[in-house]
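Chemist: Encoded as structure tokens, here's the structure I'll be asking about.
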């Protein structure tokens with residue numbers, strides 16, 4: 001129980017910061033010292049994307065290391081925690097956009113990767129039969145952090161400014177993480193973890209067509225999922241909503257994502273994950289087109305979209321262990337390696353989504369001077385977000401098509417091969 005609670009807290013803090021970065025992005029874009037710098041409108045949105053994307057993409061490199069050298073896992077926890085704190089603390093003293101990208105984006109991600117990877121390695125040892133439920137609880141930590149932090153950030157930013165607010169948050173990060181690290185530990189004895197060679201060294205699982213479809217669907221989902229998380233506060237600002245209202249929309253999105261991750265983790269232990277993936281991607285695509293594209297012309301419409309999007313799309317990552325289980329079975333090292341592959345593909349989608357969405361928004365940026373009340377969400381800021389909304393909805397629809405193919409492939413398999 002201590003392991004589960006500790007990992008949940010690490011998840012909430014480490015991933016909660018990138019998931020709530022939209023609040024800081026809105027503040028940065030409104031700060032003349034930052035927004036007036038060259039390429040600021042393109043570079044600033046990359047901070048949140050890089051901080052989460054690099055943590056995702058580092059999985060295939062760090063997870064095998066933690067499996068091969070398990071005695072170093074607890075050292076990585078301490079080093080990662082200190083790097084995360086240092087990145088935020090030093091970033092609070094800079095006014096250069098490029099430095100913010102390197103510190104708050106890249107260095108934070110490196111520290112977060114070192115802190116997070118051992119936690120996932122420990123989880124594969126502690127949970128086998130109820131791994132789907134356990135992963136759902138742990139992954140829900142991201143949404144929990146995304147629920148709480150957007151309510152805290154605006155108050156700190158409005159009172160102290162973004163720089164001092166970031167400094168305060170860096171100290172709070174350290175005070176919360178350091179007492180948690182001692183409770184994060186392995187279940188298996190050291191010698192046993194380094195015992196028989198894992199089947200993860202056998203690459204035959206890469207030829208599994210079902211797993212390859214999981215990777216494709218996961219990448220497409222990642223290309224879309226993070227776009228509203230990054231841009232929702234800025235979209236709300238274009239609606240002339242207050243900082244409190246825009247933060248509330250993001251907070252509710254993450255809050256219902258918390259519920260979704262818990263539910264999807266539990267359902268993944270009982271139902272075909274392909275069927276669950278099909279439902280969540282198709283419904284999210286519909287919600288994006290209808291609720292964001294049509295109804296989000298007011299605060300009520302934006303709140304409705306945030307709730308629906310969080311609930312429908314937020315639980316996707318809780319399906320990872322359900323997809324991995326038939327291949328890894330009771331091999332914790334192979335399970336960790338496969339999770340790393342899925343996190344890499346999701347991270348690639350995450351990193352690419354921000355420059356794509358930034359380019360789509362800037363394509364109509366010359367039309368933002370309209371003063372008329374928008375008739376639909378597509379019309380907000382003179383249609384600046386229309387391409388972005390269409391992009392997100394289409395990516396989810398494409399991911400749904402892949403999920404349908406995966407479900408069809410799964411149902412044609414012999415029952416004995418679906419274990």
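Including glycine, each Cβ sits where the backbone N, Cα and C put it.
According to TrEMBL, the protein carries these features:
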- 12-30: transmembrane segment (TRANSMEM)
- 42-63: transmembrane segment (TRANSMEM)
- 75-93: transmembrane segment (TRANSMEM)
- 99-120: transmembrane segment (TRANSMEM)
- 132-153: transmembrane segment (TRANSMEM)
- 165-184: transmembrane segment (TRANSMEM)
- 210-419: domain 'Major facilitator superfamily (MFS) profile' (DOMAIN)
- 211-236: transmembrane segment (TRANSMEM)
- 274-293: transmembrane segment (TRANSMEM)
- 299-321: transmembrane segment (TRANSMEM)
- 388-409: transmembrane segment (TRANSMEM)
Chemist: So what's near the transmembrane segment (132-153) in sequence-distant terms, Cβ-Cβ under 8 Å and 6+ beyond its ends?
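Modeler: Here the qualifying positions are 4, 7-13, 15-17, 19-20, 22-24, 119, 123, 126, 165, 169, 229, 247-248, 250-266, 268-269, 310, 314-315, 317-318, 320-322, 325.
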Chemist: Mark yes when the transmembrane segment (299-321) and the transmembrane segment (75-93) have three or more Cβ pairs under 8 Å (sequence separation 6 or more) and no when they do not.
Modeler: no
Chemist: Can we call the transmembrane segment (165-184) and the transmembrane segment (12-30) in contact, meaning three or more C-beta pairs below 8 angstroms at a sequence separation of 6+?
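Modeler: Yes, the stretches contact each other.
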Chemist: Against the transmembrane segment (274-293), which of these stretches has the most C-beta pairs under 8 Å: 99-120, 299-321, 388-409?
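Modeler: The stretch with the most contacts is 388-409.
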